[in-house]
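Among the features that TrEMBL reports, domain 'Epoxide hydrolase N-terminal' is placed at 47-156. For Asp222, the entry in TrEMBL reads active site, nucleophile. The annotation active site, proton donor is assigned in TrEMBL to Tyr368. If you look up TrEMBL, you'll see His425 marked as active site, proton acceptor.
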Amino acid sequence: MGFPVGKSIAVILLASISYQIYKVSLPPSMPQINLIYKKGQSETKKIEPFKINIPTQVIEDLNERLDKSRELTPPLHDSAFTYGFNSNKLKSVIHFWRNKYNWRQREKYLNSLPQFKTNIGSVEIHFIHAKPSSQTKLKTVPLILLHGWPGSVREFYELIPLLTTPQKDRDFVFEVIAPSLPGYGFSGKPTEKGYNTVIFAAMMNDLMVKLGFQKYYVQGGDWGAAIAANMAILYPERVLGLHSNMCFVNSPLEKLKKMVASIYPSLFIEEKFISKVYPAKEHFFELMLESGYFHLQATKPDTIGTALTDSPAGLAAYILEKFSTWTNKKYRDFPDGKLEEKFTLTNLLDNVMIYWVTGTITSSMRLYSEAFALNSTSHDLDRQPVVVPTICARFPHEVIFQPEFILRERYVNLTRVTDPPRGGHFAAFEEPQLMAEEIFSGFGEIQRRYYSKQ
């Protein structure tokens, strides 16, 4: 008696599906990286001290523009922050900015950390370089901190002193390098296409090597998380460990796993985290609700950049809206966006000012277009495994949540996953003490587990 036709078809179908799953689970081959920033440039060893000193006419022009801000369209009744930055709140921000915010005082504060500039290939890179006291007898560990958009090195000002100060029961302390990404803040602006997160990763590694660090730790969130992961992939012999507050997996297998897990989520995810992943439909709509900026910046960054470069009020609204909603999505239901619940207006405007006085909002947004271009090498590295020891910190109000069984697909040497009690997307800025504890404990565990005999 022959094998039943129905069973034969089922076996063939199952074999076909299994083969497809196997195929999508394989990472693509490592792409060839075209280090475009090195074209026609001879690397110099020059590293120069840098102080922020914005010309008076730039501040006078800003004040004049704030004085001449046009009448804003009133918000719809009960719309709070659901339509974007509430114009009533924006009026108070503009008033504070013009009448109470003192740039020269803030400039002194921003200059309180030692800063430098150097060329990495064809692009000038600005960076903070903070060292522990020369009196310390503890082991000094190099650490590079990487920011994202719409942030800047301003996010790290409260964090850095905590990292360079000896902590109780810790036998090491950090020497911190915090660069402004190319096209951001006081760094130079790339002048040709192709500067994506892969190129940024190569540039940041070159910076660390130029500073004399053959091995180092790396921490990042937002774009900084993507760049940090790429550094770990490209330079595993240099990156001692990775700490990310936005670990992310984006692959066909990840989507398939989530689909399978949706049938019986508790088999894959801790009960307390299921609502952060399922129902998938709700989370998809939430993502769509908050990703309008993303589509614009990934396609036409220069168009919106023109408007934001010309209007300080528009720039503040566009940037500060993210410091409301990305800190806690529930904040959009409040008329003031609870903007000052976790941050002071002065600190928030420091970050806006860095974009304004440097004129880098357009160049910063171009990273979205470069990273998501069809021929971008970023896509290939997204599916490469991260083999260096990794700590994934999932702050409770981060925009995207990834279950541990998904994270382990990409971060194959996942040392631990932590879930801090507070914090959102801008965790280093919002919760510097928590972030410092995260970094010390995370890298401390990596050192004990992997490097204790070195």
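Cβ coordinates come from backbone N, Cα and C, glycine included.
Each residue contributes its Cα atom, and for the residue listed as 'active site, proton donor' and the residue listed as 'active site, proton acceptor' these two points are 17 Å apart. Taking Cβ-Cβ distances under 8 Å and a sequence gap of 6 or more within the same chain, the neighbours of Asp222 (active site, nucleophile) are His147, Gly148, Trp149, Gly151, Met246, His425. Here the domain 'Epoxide hydrolase N-terminal' (47-156) is broken down by DSSP into helix, strand and coil counts: 37 helix, 26 strand, 47 coil. Residue density at the residue listed as 'active site, proton acceptor': 23 other Cβ atoms are found within 10 A of its Cβ, drawing on all protein chains shown.
DSSP assigns the residue listed as 'active site, proton donor' to a helix in the three-state reduction.
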